[in-house]
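I have placed the structure first, in the form of C-alpha cells, so that the comments after it can refer back to it.
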C-alpha cells in the first residue's frame with residue numbers, strides 16, 4: 001500500500017512539470033521584454049496581454065472540474081441490488097429505472113445507460129471519466145498536461161481565453177522583437193548580453209505562436225459546432241443512433257453555450273457559460289419516450305427548437321398521409 005501511495009505522490013508531482021515549465025518561460029519572457037527592451041510604447045500593450053494571459057491561465061489551472069450531482073448516484077437500495085446482480089441485462093434494467101427521472105439522452109455504443117463503475121454514478125450527457133483526475137467530469141473536453149487539469153464545463157471558457165491571450169501575447173512579442181532580431185543577424189545590434197535575450201525571445205515566441213495557432217483554430221471550430229474534443233472523435237450516441245451534431249443549436253447559440261449571453265463578459269475569464277453541465281438542449285426532432293418532457297430543457301421547460309421541429313415533422317407526415 002505504501003509504495004503505491006508514494007508512486008501516486010510522485011506522479012502528482014511530475015504532473016506539475018509542464019505547468020512549471022510554462023511559468024518559467026513566461027517569467028523569463030517578462031524579464032527579457034520589460035527589463036532588457038523596456039520600450040514604453042510597447043509596455044502598455046504587453047502588460048495588458050500579459051495580465052489577461054496569466055489570469056486566464058490561472059483560472060484554467062485552478063478551477064476544479066465539475067462533477068455529477070448526487071441525483072445521478074444510485075439510491076442505496078438500487079445500488080445494493082446493482083452490486084449483487086451479475087447479469088448485465090438486469091443491471092441495465094436497474095439503471096434504466098433510475099434514469100427515467102434524469103435528463104439523459106445519450107447512451108453507450110450498444111444503447112445502454114452510461115454508468116461509471118469507478119465513481120458509481122450514472123453519467124450525465126457529455127460527461128466522461130478522466131483516468132488522470134480519477135473522477136467523472138461534466139462536459140469533459142480533454143485532460144491537458146499544460147494546465148495539469150481537466151478541461152470541461154467549469155473551465156472550458158477559461159481554456160479558450162487562455163489560448164486566445166497566449167496567442168496574442170506570443171504574436172505581440174514576436175512582432176515587436178522582429179526588428180531587433182533582424183538587427184542581430186545584420187550585426188546592427190549593440191554588443192550586450194541583451195542581444196541573446198532578443199534572439200531566444202523571438203524564437204520562443206514564434207515557436208509557441210505556431211503551436212498555439214493550430215490548437216486555437218481547432219477549438220474555435222469546436223465551439224462553433226458545440227462539440228467537445230471527445231465528441232469530435234466519437235459522436236455522441238442518442239436513442240436514434242450516433243449524431244455528431246446532436247448538441248448543435250446554430251452558430252450563435254453554440255457560442256452562447258460557452259461564453260454566455262452577455263457579450264461584455266466574453267473576453268474576461270469569469271464563468272458565464274450557460275446551463276449547469278448536467279443537461280444540455282439538443283437538436284433532436286423526436287422526443288425520447290423514456291424521458292419525462294419536463295427534462296428536455298435545463299430548468300424544466302421543453303426546448304422551443306425541439307417543439308418546432310417535432311410539430312413540423314408531425315404535420316409533414318400528416319400531409320403526406322392525406323395526399
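Backbone N, Cα and C define each Cβ position, glycine as well.
As recorded in Swiss-Prot, the features of this protein are as follows:
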- 1-14: topological domain 'Cytoplasmic' (TOPO_DOM)
- 15-35: transmembrane segment (TRANSMEM)
- 36-41: topological domain 'Lumenal' (TOPO_DOM)
- 42-62: transmembrane segment (TRANSMEM)
- 63-157: topological domain 'Cytoplasmic' (TOPO_DOM)
- 114-164: domain 'DHHC' (DOMAIN)
- 144: active site, S-palmitoyl cysteine intermediate (ACT_SITE)
- 158-178: transmembrane segment (TRANSMEM)
- 179-195: topological domain 'Lumenal' (TOPO_DOM)
- 196-219: transmembrane segment (TRANSMEM)
- 220-323: topological domain 'Cytoplasmic' (TOPO_DOM)
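The stretches the transmembrane segment (196-219) and the transmembrane segment (42-62) are not in mutual contact, being linked by fewer than three Cβ pairs under 8 Å (pairs 6 or more apart in sequence). Within its own chain, the transmembrane segment (42-62) has Cβ neighbours under 8 Å at 19, 22, 26, 30, 33-34, 144, 147-149, 151, 155, 158-159, 161-162, 164-166, 168-169, 172-173, 176, 267, 269, counting only residues six or more beyond its boundaries. Every protein chain considered, the tally of other Cβ atoms within 10 Å of the Cβ of the residue listed as 'active site, S-palmitoyl cysteine intermediate' stands at 19. For the recorded site, residue 144 (active site, S-palmitoyl cysteine intermediate), the DSSP three-state label reads strand.
Looking just at the domain 'DHHC' (114-164), the mean pLDDT is 97.
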